[in-house]
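Over in Swiss-Prot, the protein carries these features:
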- G166, A167, S168, S191, I232: NADP(+) binding site (BINDING)
Amino acid sequence: MSARILDGKAMADTILAVIHDKVAEREVQGKRRPGLAVILVGGDPASAVYVRNKKRACERAGVNSVSHDLPETTTQPELLALIDTLNSDAAIDGILVQLPLPVHIDAETVIERIRPDKDVDGFHPYNIGRLAVKMPTLRPSTPRGIMTLLRATNEELRGKNAVMVGASNIVGRPMSLELLLAGCTITVCHSATRDLESFVRSAEVLVVGVGRPRMIPGDWVREGAIVIDVGINRLADGKLVGDVDFDTAVERAGWITPVPGGVGPMTVATLLENTLEAALMHNP
């Protein structure tokens, strides 16, 4: 068999168009556009690309974006002071701090400084906690985007065996909560997991997000499984690949996301969905 492709780019385009129309409706009603502040500290090339993609998406969705490109030498108190200013700015509905941050800045402290109702990445402990107790508000953007992809399969998720490979705060942990909320029986695999292969083979829904190119061989994938590859890794020859060996997995899976063009565009689109939701909270 050959898997059906979950085209994240096409879905993201649809989401951005819907947001654009909703923003236009709000403007007709005399309401302001949603505002997103994007903070980049330092000159990491990959981070700069991600920020540029988010700005382009804002333009397409009709969301006002304000950029704060700070030098590598920015101190933690300086960054926190900027966040305080943005927290108090009524025109800003969402605050995004591009990760990773320079080593002298503590990311957890920075994330916790963002007002939870402006935390459109969904990283704040308050928002993670609400997700954990089945009362989500602003959901973590990558897991929320993945859930949109999963729903697009029209398969019943309730009761399925789901395996999350990776336990990061950004993807693995909140993704496991989303799958639990959807009624899956969820297993989280991490660096201390023994016999990873056996867990992967059992997965009817497999989500992988570890940042290691092709670490999951395609022949581990269960026949007919839904495979979501969060990883994006650049090889020495410049090729971008995921954490799953796509070329072999595509022959066994029922559904699979490509890399690039799968989870990445959905993360950006979901970020703007969250920004619109925040705007609706601030200016109904």
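Using N, Cα and C of the backbone, Cβ positions are placed for all residues, glycine too.
Location within the structure of each feature annotated in Swiss-Prot.
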residue: G166; record: NADP(+) binding site; CB count, 10 Å: 24
residue: A167; record: NADP(+) binding site; CB count, 10 Å: 18
residue: S168; record: NADP(+) binding site; CB count, 10 Å: 15
residue: S191; record: NADP(+) binding site; CB count, 10 Å: 8
residue: I232; record: NADP(+) binding site; CB count, 10 Å: 18
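Across the residues annotated as binding NADP(+) (G166, A167, S168, S191, I232), the widest Cα-Cα separation comes to 19 Å.
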